[in-house]
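Since the structure comes first, as structure tokens, the remarks are kept for the end.
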């Protein structure tokens, strides 16, 4: 069993904001493979099967800073024993250039409150992350910046990278995280 988590904030107000790039990736994954999310408890959920692997995809509705609450519920329900290889979290990264994708096996939250919430809730830093750079505006407060929408020029670039992130998920599932890191961390 694999659990994929796209991080973001629920509601129309946040739908197109930089902080919701994790939601955008799992929405694109669902669109590409004909999956439909259903609301359940503190998250939206859909199930997928790829290469004989059962996969659960969620979008927490707890708001970013409490994402760990929803993730822990799903992890406990699905009884993930091999956590590092079984949990994939997709999120934005303000410290990376716009559109840069970086896949990591584990590590700190890097200041991302949604990731920190997951670390705190699960009691481990050992899970796969797909980080997508959203850039940074030195003239704008970080919290204001991440909650603002992409410009139309940025949107075109980020859409291309969202598709790459979906491809990277498939590589992780089919060929492993090391192969995905070798491919996508170089781009």
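A Cβ is built for glycine as well, from the same backbone N, Cα and C atoms used for every other residue.
Checking the candidates 14, 33, 139 against Swiss-Prot: the one annotated together with 63, 65 at the tRNA site is 14.
The shortest Cα-Cα distance from residue 63 (tRNA binding site) to any of the recorded positions (9, 19, 92) is found for 9. The Cβ centroid of 14, 63, 65 marks the tRNA site; residues of that chain outside this set whose Cβ lies within 8 Å of it are 8, 9, 10, 19, 62, 64, 66, 114, given in sequence order. Neighbour density for residue 9 (site 'Discriminates between blocked and unblocked aminoacyl-tRNA'): within 10 A of its CB lie 23 other CB atoms from the protein chains shown. Between residue 19 (active site, proton acceptor) and residue 92 (site 'Stabilizes the basic form of H active site to accept a proton'), the C-alpha separation comes to 6 Å. Counting every protein chain shown, the Cβ of residue 92 (site 'Stabilizes the basic form of H active site to accept a proton') has 27 other Cβ atoms within 10 Å. Less than 8 angstroms from the CB of residue 65 (tRNA binding site) sit 113, 114, 117, each of them six or more residues away in the same chain.
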